[in-house]
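A short write-up of the structure that comes next.
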Amino acid sequence: ALSMFGTTVGLYGIPWCKKSLLLTILMSVIGASMGILDTGGNVLALNTWGAEAGPHMQALHFSFAVGAFVAPILAKMALGGSESKDFTVAEKTNHSVPRSVLTASAASATSALKHHLGADFLWSYVVIGTYLLLVSFFFFILYSKGSSARDKSKASLQKCMFAKYHYVLIFLLFIFFFCYVGAEITYGSYIFTYAKAFAEMKENEAAALNSVFWGAFAACRGVAIFCAACLYPGTMILLSIVGSAVSSLCLAFFARYPASLWVGTAVYGASMATIFPSSISWIEQYTVMQGKSASLFVIGAALGEMCIPAVVGYLQGRFHRVPVVMYTALVTSALTVVLFPLMYKLANAPSESDSKEMSESEDRKALLSNAGLNEDEEDEEGAGEWNEADFEVIEMNDTLRNSVIETSRRIPGDSPAKASLQPHLDNVLRDSLVVAGGSPGRKNANVDREKND
């Protein structure tokens, strides 16, 4: 909300600037606000949708691509027609009037053109600034209704999710975005000049080639919104870096052929489209992305956007016959191909929490195995105790048996008392087994043995 409000202030003030210093300050305010928006927007999308942020991240950057592709066309439609019309009127007037009136007519035409263009620029800045102001108010409303406690609890829960090589991954991602964004801006900025100087294209053909690059870039980001729902971010990154490497290789060595130049430019633009949002979604799977971490790789992207085009422009001015733009695209693509497998290996390294869990599981297994051995020992000791108890039961049973035999001898014949003696004997033997603490299985065995006796 604050970044978009700062952009609104800069847009409202730029049409009224009469001093270059004030214009520089306002443009710096807009640049800083857009940098904050670039960082905060990505982090906000990750915090809002979490693991499902892939399609939303692609949609966010698709809106950037659409704006970059449509804005110059709309500006040319709004300003180009009036500018050419006024110059045409001025040229016709210059042919029909004497030379003495030429200076006055040219001055009046120029002043009218400046006034007309100034009015168009004024309304353009006012309309865009008002739109951003409304969006800024909308974000302020969302912020006022949000729960800071919930965000703090969520952040505390995510503290244990840091990767083992968190800072190394952030640094490598810094370099990765430095190369990627620098190559993207460099190619989009210099392809028009390259097409005219090296491919000897006409101005409208060079402009069409530039539009092919940004059009393929925007279209592929639109398709990536749906692809992100069924493809992993790592898969999309792998496809993108392979496509950019192959297309940049063709552009570096076969760009003199028109077909190779057109196809390579389209494939290169499409391949570069999904790398930035897919990389943010990919790194979120392995470590926590907070504001500081996100700002670091966004700074890397901004430095690449600033430094690589400047270096390429300087080298292209020194070496006129060397296609520095194409070689830069090839070198940066090769660097991204090397960096991504390295980041993938570091991201999948087991963290300290994983190693602790593994050690705890091993300790748990060891305890269980020791417990099993103790149980076996206890079983053996218990078996010894049962055997001693059995011997005691047998001794008690022998005594009871002798007493019962003596009693039975005193009873003459097969009297009813003898028939009722056996159940009484069974009860006595069973009670003696219970008192001795024998096992149920052995109790029954002893009872049967005594019955047989």
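Backbone N, Cα and C atoms are what each Cβ position is placed from, and that goes for glycine too.
Record features, source TrEMBL:
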- 353-366: compositional bias 'Basic and acidic residues' (COMPBIAS)
- 374-388: compositional bias 'Acidic residues' (COMPBIAS)
- 351-388: region 'Disordered' (REGION)
- 20-47: transmembrane segment (TRANSMEM)
- 59-79: transmembrane segment (TRANSMEM)
- 122-144: transmembrane segment (TRANSMEM)
- 165-192: transmembrane segment (TRANSMEM)
- 237-255: transmembrane segment (TRANSMEM)
- 261-282: transmembrane segment (TRANSMEM)
- 294-312: transmembrane segment (TRANSMEM)
- 324-344: transmembrane segment (TRANSMEM)
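Panel annotation: around the transmembrane segment (165-192), residues 206-207, 209-210, 213-214, 217, 265, 268-269, 272, 275-276, 279, 283, 286-288, 293, 296-305, 307-309, 312-313, 316, 325, 328-329, 332-333, 335-336, 339-340, 342-343, 346-347, 349 of the same chain, lying at least six beyond its termini, place a Cβ under 8 Å from a Cβ of the stretch. Same-chain neighbours of the transmembrane segment (20-47): 2-7, 9-11, 13-14, 53, 56-57, 60, 151, 154, 280-281, 284, 289-291, 294-295, 298, 301-302, counting only residues six or more beyond its ends whose CB sits under 8 Å from a CB of the stretch. The transmembrane segment (237-255) makes contact with the transmembrane segment (324-344), as judged by at least three Cβ pairs under 8 Å among residues 6 or more apart in sequence. Same-chain residues lying 6+ beyond the ends of the transmembrane segment (261-282) with a Cβ under 8 Å from its Cβ atoms: 42, 46, 53-54, 57-58, 60-61, 65, 173, 176-177, 180-181, 183-184, 187, 191, 195, 199, 209, 212-221, 224, 227-228, 232-234, 236-237, 239-244, 246-248, 250-251, 254-255, 289, 294, 301, 329, 336.
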